[in-house]
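*Asks:* Just passing along the structure, written as structure tokens.
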Amino acid sequence: MRENKVVCRELDCGNPVSVSRGHLIEDGRGGVRLLRCSGDESSIRQCDIRRGRPGFCDGEYYHHVTCSESVRLVNGAGLCSGRVEVKSNQSWASVCEADFDRQDAEVVCRELGCGAPAALQGGLYGEGEGQTWDKEFQCKGKESLLLDCDTSDRKHNTCLPGNAVGLTCSEPDDVRLVGGGSRCAGGVEWYYQGEWRIVGAEDWHVAAVVCRQLGCGSTDSELLGNTNRGFLVYCSGSESSLRECSRSYDLHPGLTVICSDLLVQPDIFLTDPMGGVFRGHQGPEMFRGYNFTITCSTQPQYPGGSFLLTFTGSNRTQTQPAVNHSAAFLFPAADDSHQGNYSCVYDNYVFSHNFSSESELLSLTITGN
């Protein structure tokens, strides 16, 4: 995707919105160049350019880039965050925070192929060096393009320093894993042009990007080539979302991915049958001499597994099998040795791999009766 950003920048066409590979040219007689860019170059001439070997592309792997053209986000971490700039009279202008609201942000995020607006704040991504947009946007929030929105004259003459509006859009909810019993495992599907489509891949890079986009950790394993077939996606492995990768419409066996954060986080809670527990300022407190129970539980993703109860007050641990996706650890006669932090670790062996997930800490205080 770094090369695509340079292409759009050199053409003064905003940010790359989509990338594909196809049959723009039917043969490679015009010569093929291979680009490697850092993403900061102003022209592809500043990138590492190498001649491709004869027959390397054969017309099939020519790159197609679609740029946003009239709006872009600058200085952000990816395509979906940065300072808002609008193209005006062949130059880019930053937008003042007072002239831009949530409905305007919804249109920009949609135009760039991102998810809903997550943050909108002046100065969030620095100040623009050029001019400031001289109109106030009045979007209704349903428009496809920012320049389709109505505008009006600004209510103020200047935009004070620190008020160039910055926008963070959420990543689009356009990737899912299906059939694996977890949102972090299964066959890869991509919502594209109004429908969910199977994704194929030739290496592990796509799996790494999918796990990263879904917030599922790293790639634990991937199966290249299940029985279903989908369009082929190419990633370098460093992208934050699948939409930053390129795609080909050639059918390819689908990709199945298992991410490291397969198991949901288990819950931990404390109960007692005699009413000896109450909520203190730092969490639950237990009267000395009362019995109590710490219960670990998890959502019913997979059968089996076990719970390990850890205690920071000592090196003691207890393990019980998961029965109906939970386990109860009984403690008779609470005393000072029971004071400390507890956590539940759920372990399970699925997809021929060991997976584990740890709960939040439960801090228990023992007090006088």
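Glycine too: its Cβ is placed from the backbone N, Cα and C atoms.
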*Asks:* Which of these links to Cys37 by a disulfide bond in TrEMBL: Cys47, Cys57?
*Replies:* Cys47
*Asks:* Disulfide-wise, see what TrEMBL says Cys149 is paired with, picking from Cys139, Cys159.
*Replies:* Cys139
*Asks:* Do you know which of Cys216, Cys245 TrEMBL records in a disulfide with Cys235?
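*Replies:* In TrEMBL, Cys235 forms its disulfide bond with Cys245.
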*Asks:* Express the distance between the Cα positions of Cys235 (disulfide bond) and Cys37 (disulfide bond) as a whole number of Å.
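*Replies:* Cys235 (disulfide bond) and Cys37 (disulfide bond) have their Cα atoms 15 Å apart.
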*Asks:* Where does the mean pLDDT land for the domain 'SRCR' (71-170)?
*Replies:* 88
*Asks:* Find the one among the disulfide-bonded residues Cys139, Cys149, Cys245 whose C-alpha lies closest to that of Cys47 (disulfide bond).
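*Replies:* Comparing Cα positions, the candidate nearest Cys47 (disulfide bond) turns out to be Cys245.
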*Asks:* With DSSP as the yardstick, break the domain 'SRCR' (175-260) down into helix, strand and coil residue counts.
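*Replies:* Per-class counts: 12 helix, 52 strand, 22 coil.
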*Asks:* What's the CA to CA span in angstrom from Cys139 (disulfide bond) over to Cys37 (disulfide bond)?
*Replies:* 36
*Asks:* If you skip the near sequence neighbours and keep only those at least six away, which residues in the chain come within under 8 angstroms of Cys149 (disulfide bond), Cβ to Cβ?
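*Replies:* Same-chain residues close to Cys149 (disulfide bond) (Cβ under 8 Å, separated by 6 or more) are Asp104, Val107, Phe137, Gln138, Cys139, Lys140, Glu143.
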*Asks:* Can you count the other CB atoms that lie within 10 A of the CB of Cys139 (disulfide bond)?
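*Replies:* Cys139 (disulfide bond) is surrounded by 21 other Cβ atoms within 10 Å.
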